[in-house]
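So that you can see what the record holds, here are the features copied from TrEMBL:
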REGION    1-26  region 'Disordered'
COMPBIAS  1-11  compositional bias 'Basic residues'
TRANSMEM  45-63  transmembrane segment
TRANSMEM  75-99  transmembrane segment
TRANSMEM  120-144  transmembrane segment
TRANSMEM  164-180  transmembrane segment
TRANSMEM  192-212  transmembrane segment
TRANSMEM  232-252  transmembrane segment
TRANSMEM  289-310  transmembrane segment
TRANSMEM  322-346  transmembrane segment
Amino acid sequence: MAEGKIRRRSGSAKPDSTHQQDPAAGVDDDVVRNAPVLTIKWTKLAILALFLLTPYLSLLYLLPIERGLMRSILINLAMSVVGFGGTILLIPVASKYVLRRNMFGYDINKRGSAAGKVKVPESLGLVSGIVFLVVAILFQHFIFSQENSISDSYPPENAWLTEYYAALASICFMIFLGFVDDVLDIPWRVKLFLPSIAALPLLMAYAGRTNIVIPKPLRPTLGFNELDLGWIYKLYMGLLAVFCTNSINILAGVNGLEVGQTVIISCAVLIHNVMQISRSEETRHAHAFSLYIMQPFVATSLGLLAFNWYPSSVFVGDTYTYFAGMALAVVGILGHFSETMLLFFLPQILNFLYSIPQ
């Protein structure tokens, strides 16, 4: 079941996983001709989607949300469904190209069986990331265009536009670095700091609050309710990006685990966002911004999970784990619920604490 791989490419094996190198080199047409048949686990995917998305869609229907804002959410949701279909259609096409470039692996934990001899295409998280970016970029036409502004709350000159661009830039940068890692097998001492580089556009564009709320029991002693951290808060945001990205990357190894844990966390974020939109006028725009990122992200991730579910037909690679971690960090930071995001990452935090001795 584990998604450990023997890689066909040249280079050293990754120290953080069960990857090993195949001494054979080169590629020919037989690799493509002998490519595995990509199977979509429709039944499992439908059950998971029904279980995770029903609470969110029910809340979206039942809770009172401004009409213009609801229209923008529904348009984003419709575009996300198209993104899901695009991911499903493009993964089989992309798998042939990565196989031609010798980017495939063997599941070493299936050795001794027919499944252990199947060439599984790698780095297919690239497809999910590209489709997500296309959907997110096209959505700007509906939310920020003067001709197509669908809500008076989101005029073209809205300050969110700058942060929206910064969020997409950080995610795009992280997808690129993840694919570079898949190709070059970057060592851990280097890849640990890659999210810091990718988060720079986000940190430079951040114009929100940099203060934290003091817990009520400590307020009488300290004499104030809030504390402005200034640049220290931005440092915290950069570290959050590093944590989210690497925690998704580390807690991996089983078919579907990387994408599965990400989809569960993302659906929890969607539920949190839609509840806060209906409750708080002050944070409504921030949580709506998070929805615009998370809906296409969940859709494209489900499209990838359809192929990555056990028994996996494709491997997602570090491209997806980096992309997923940065997407979650972006919404946590710009949605101003980074502390809540850490609660959603509780299993990853426990895994981190357990791994400290290593």
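Note: Cβ is positioned from N, Cα and C throughout, glycine not excepted.
Whatever TrEMBL says is automated annotation, not expert-curated.
Long-range contacts of the transmembrane segment (45-63) within the same chain, counting only residues at least 6 positions beyond its ends with a Cβ under 8 Å from a Cβ of the stretch, are 73, 260, 263-264, 267, 270-271, 274-275, 277-278, 298, 302, 305-306, 309. Same-chain residues lying 6 or more positions outside the transmembrane segment (289-310) and placing a CB less than 8 Å from one of its CB atoms are 1, 38-42, 44-45, 48-49, 53, 72-73, 76-77, 79-81, 83-88, 91, 124-125, 127-129, 131-132, 135-136, 139, 143, 160, 163-164, 167, 254-256, 258-260, 262-263, 266-267, 269-270, 273-274, 277, 316, 320, 324, 327, 330-331, 334-335, 337. Here the transmembrane segment (75-99) has long-range neighbours at 27, 31-32, 35, 38, 40, 119, 121-124, 126-128, 131-132, 134-135, 138-139, 142-143, 150, 291-292, 295-296, 298-300, 302-304, 306-307, 314, meaning same-chain residues at least 6 beyond its ends whose C-beta is under 8 angstroms from one of its own.
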